[in-house]
Amino acid sequence: MEIFKISGEERESQKQNEDTEQSHSPAKFEEAIAATGFGKYNYFLLMAVAVPCINQLLCTVELSYVTPVAQCDLNLTLEDRGALNAITFAGMIASGFLWGYFCDALGRKKIVVYGYLCSGIFGLIAASSMNKTTLITAKFMLGLVMNGPFAATTSQITEFHSTKYRGLVSISRGIFFSIGNLIIPLMSWAILPRHWDFKIFNYFEFHSWNVFLLMCTLSTFLSSLVYTFIPESPKFLMTAGRNDEALRIMQKVFSVNTGKPMEEFPIKALEEEVINNPTKKVTVNKKLKQELKEVVHIFHRPHITNLALVCFNVFTLVMSLNTLKLWLPGIFQSISDYTNVHNGTGASMCIMLGEMIPVNVSSTQECSVDRDNISVYINTFIVAFTRILAFGVSGTFLRLLGVKTMNIICCYISGILMLSIYLAYDELIVTILAAIGTSIGSVGENMLIMLTLEMFPTNLRTIAISIHFTLGRIGTLTGNIVFPYLMHLGCLPPFLFVGVFAMVCATTSFLYSSIENKPLE
């Protein structure tokens, strides 16, 4: 019996030694990040990323609320309003590829902090604009600079979570965008109807819409401030060969989440992702050249096929959704103008949209803006609130259907509902169709982001997501330039345009491969 007792003790000791050896063996990123758990630190990260998400929404949508109010101050035509809706996206397009390259080379944190700081400066210039040329130029530069930090925050928040929680992160980002959609009509309601006209330094003429733009700019500076407290992405550090720094960050995340000392983090070493990493410091110029060589890989197989699919689907869906979203305040304004003139009586969409298309007037006729338009802000608020509800329930359907299937279903339903707005004869019906259609479409758009993030390895992920957003912005730019011309053709072409392209995205999404529970490369 003593022999067997000794043998049992030896086996137990051997098992403990094996467990200890396993815990000390280098761990891959997915194993290490999963060991950090999910808790207080992750909630802090989610709250932090909420700020740039809301800021992104405010800075890209704000002019769609401004143009109906500022059309007299800036002497805007229908085409000018389309150009102003699109100009921020044009700036983002111009810098899309470049920012992804710098984010993958220099890291996420620096790009976020300094990028948003510079963006805020151009936001201040836009807010103090006194003519449409200055406003267009400032908003273009804002988009040019803001593109980089936003793409960096998207990659960073993903790389702080294991595959188990990435779906939750994506849903949370969608909710934050929806919160931004709630904030902006409330801000508009509080500021834009005011008859504010004053000068600063006896030179800068300020109206209510200038104050509105100034308030939106504050979130840009806040984004920069918040991310000074956020560490660099551990996945990026591992890819850069800085495993010791990555491990310390993971230990801190583990400690905050569990309340245990950092030393109890079960992972003691991380797997080297950089072979023959030089010990001496690499210059920025040399590192950028190395990263440029890596970026070229995205245009070769197998990545080029995935990239082509991403580009086409993002272009079609985002063009459809963002065009309608950015023109909704103007559409609701035209409905409000019509009902005010006709004693609250509605009409077909074709007739009511006629209020948006300017007619030739004499040079002596005074330009006026109807500020008694509370229904415009109520309707846009309802649309935004519906998006929050959609993202709130989407988590359940995501677990049941998966990312790919959910994207397909959302895009089909969204396209049908947006096309159906053409048939509406009532302001309430227009609001319901627009709210449900754009909300479900936004969930589908978020699924596309998840697909893109999972399809590419770490060294190409930020450039891939930058290209993803760039193609979306090209779609937004295209849609907002084309939409006013389609309105001149009639009321059916604009809604046919937004509805059909959403359904085209749904059809081509069948070509995606499944990404369920796929680890990050």
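Including glycine, each Cβ sits where the backbone N, Cα and C put it.
Annotated region 'Disordered' per TrEMBL: 1-26, in sequence order.
The compositional bias 'Basic and acidic residues' annotation in TrEMBL covers 7-26.
According to TrEMBL, the domain 'Major facilitator superfamily (MFS) profile' annotation covers 32-517.
Per TrEMBL, transmembrane segment is recorded for 43-63 (among others).
Taken from TrEMBL, the feature transmembrane segment covers 83-102 (among others). With a cut-off of 8 Å between Cβ atoms, the residues of this chain six or more beyond the transmembrane segment (83-102) that come close are 59-60, 63-64, 66-67, 76, 111, 115, 132, 135-136, 139-148, 151-152, 288, 291-292, 295, 322, 326-327, 462-467, 469-470, 473-474, 476-477, 479-481.
Sequence annotations record features per position, and here TrEMBL assigns transmembrane segment to 111-130 (among others).
Within the chain carrying the transmembrane segment (136-153), a Cβ under 8 angstroms from the stretch's Cβ atoms is held by residues 49, 52-53, 56, 59-60, 63, 83-84, 87-96, 98-100, 102-103, 108-109, 111-113, 115-116, 118-119, 122-123, 125-126, 129, 220, 223-224, 227, 462, 465-466, 469-470, 473, all 6 or more beyond its ends. If you look up TrEMBL, you'll see 136-153 (among others) marked as transmembrane segment.
When Cβ-Cβ distances below 8 Å are used as the criterion, the transmembrane segment (174-192) is approached by residues 49-50, 53-58, 61-62, 65-66, 69, 208-209, 211-212, 215-216, 329, 371, 374, 377-378, 380-381, 383-385, 387-388, 390-392, 394, 442-443, 446 of the same chain, each at least six residues removed from its ends. Summarising the annotation, TrEMBL assigns transmembrane segment to 174-192 (among others).
Per TrEMBL, the feature transmembrane segment maps to 212-230 (among others).
Long-range Cβ contacts of the transmembrane segment (307-328) within its own chain (Cβ-Cβ under 8 Å, at least 6 residues beyond either end) map to 61, 64, 85, 89, 298-299, 379-380, 383, 411, 414-415, 418, 434, 437-438, 441-442, 444-445, 448, 451-452, 455, 464, 467-469, 471-476, 478-480, 482-483, 494, 497-499, 501-502, 504-505, 508-509, 511-512. TrEMBL lists 307-328 (among others) with the feature transmembrane segment.
What TrEMBL records for 376-398 (among others) is transmembrane segment.
Per TrEMBL, transmembrane segment is recorded for 405-425 (among others).
Under 8 Å from some Cβ of the transmembrane segment (431-451) lie the Cβ atoms of residues 154, 166-167, 170-171, 173-174, 177-178, 310, 313-314, 317-318, 320-321, 324-325, 328, 332, 379, 382-383, 385-387, 389-391, 394, 398, 403-404, 406-407, 409-411, 413-418, 420-421, 424, 465, 468, 472, 502, 505-506, 512, 515, all in the same chain and six or more residues away from its ends. The transmembrane segment annotation in TrEMBL covers 431-451 (among others).
What TrEMBL records for 463-483 (among others) is transmembrane segment.
Per TrEMBL, the feature transmembrane segment maps to 495-515 (among others).
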Stretch of maximal Cβ-Cβ contact with the transmembrane segment (212-230) [cut-off: under 8 Å; candidates 43-63, 111-130, 376-398, 405-425]: 111-130
Proximity verdict for the transmembrane segment (495-515) and the transmembrane segment (111-130), three or more C-beta pairs under 8 Å: no
Stretch-level contact, the transmembrane segment (111-130) and the transmembrane segment (43-63), CB cutoff 8 A, at least 3 pairs: yes
The domain 'Major facilitator superfamily (MFS) profile' (32-517) [mean pLDDT, rounded to integer]: 85
